[in-house]
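K.L.:
Got a structure here, written out as structure tokens. Questions coming.
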Amino acid sequence: MKQSHFFAHLSRLKLINRWPLMRNVRTENVSEHSLQVAMVAHALAAIKNRKFGGNVNAERIALLAMYHDASEVLTGDLPTPVKYFNSQIAQEYKAIEKIAQQKLVDMVPEELRDIFAPLIDEHAYSDEEKSLVKQADALCAYLKCLEELAAGNNEFLLAKTRLEATLAARRSQEMDYFMEVFVPSFHLSLDEISQDSPL
């Protein structure tokens, strides 16, 4: 059998730090970000289905979110101000991402490629799937800002404001529910979130 470097590459996502131009109280890597996005995207899909009459595959949404930044193992995490400096740079970066996604897909053994390709290639996502993953991605970046600000790091003030605008642009009923039910706890200490359910 031919060896594949696919998972060896994905394992290196933990070596790529997010927010590279910002001073962080706690550094966040792409691997842990992807897990959080998967959990939040799954929740958004479940909320959409249970509360607002949606009919999306929540487990697939979680998988798409797990792999949504996989190409960054080849491209790195380009800072947002650079990535979106102008439309030409944004367009070129999208083309680079597409090449990186295809390179990852090509690493997967041929007999498994049809399973992994639709998870890695964002062009295979439906509009609804893409929307839920993007909502979760923005929500997790917003939560990171809240955590940094709570730790006294004002470096994230402008990022929080920018992300509030992004969340407003991507607003949905399931996001409103998540913001109302789950986000307030991110402003609390461990003691405060633990007092109702001590071990």
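Cβ atoms are placed via backbone N, Cα and C, with glycine included.
Annotations for this protein, taken from Swiss-Prot, read as follows:
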BINDING   Arg18, Trp19, His33, Asp69, Asp77, Leu78, Pro79, Thr80, Asp137  substrate binding site
SITE      Arg18  site 'Appears to be important in orienting the phosphate for catalysis'
DOMAIN    30-142  domain 'HD'
BINDING   His33, His68, Asp69, Asp137  divalent metal cation binding site
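Could you give the neighbours, burial and distances for every feature on this list?
P.N.:
The DSSP secondary structure for Asp137 (substrate binding site) is helix. Shown in sequence order, Val37, Ala65, His68 are the residues of the chain, 6+ apart in sequence, with a C-beta less than 8 angstroms from the C-beta of Asp137 (substrate binding site).
Sequence-distant contacts (6 or more apart, same chain, Cβ under 8 Å) of Arg18 (substrate binding site) comprise Glu28, Asn29, Val30, His33, Asp77, Lys144. In the three-state DSSP scheme, Arg18 (substrate binding site) is classed as coil.
According to DSSP, Asp69 (divalent metal cation binding site) sits in a coil region rather than a helix or strand.
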K.L.:
Within 8 Å of the Cβ centroid of the divalent metal cation site residues His33, His68, Asp69, Asp137, which other residues of the same chain have their Cβ?
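P.N.:
For the divalent metal cation site the neighbour list reads Val30, Ser34, Val37, Ala65, Val133, Cys140.
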K.L.:
Helix, strand, coil residue numbers for the domain 'HD' (30-142) per DSSP?
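P.N.:
In the domain 'HD' (30-142), the DSSP-based counts are 92 helix, 0 strand, 21 coil.
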K.L.:
Relative to the Cβ position of His33 (substrate binding site), how many further Cβ atoms are located within 10 Å?
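P.N.:
Here the count is 23.
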K.L.:
What is the total of other Cβ atoms whose distance to the Cβ of Asp77 (substrate binding site) is within 10 Å?
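P.N.:
The answer is 19 other Cβ atoms.
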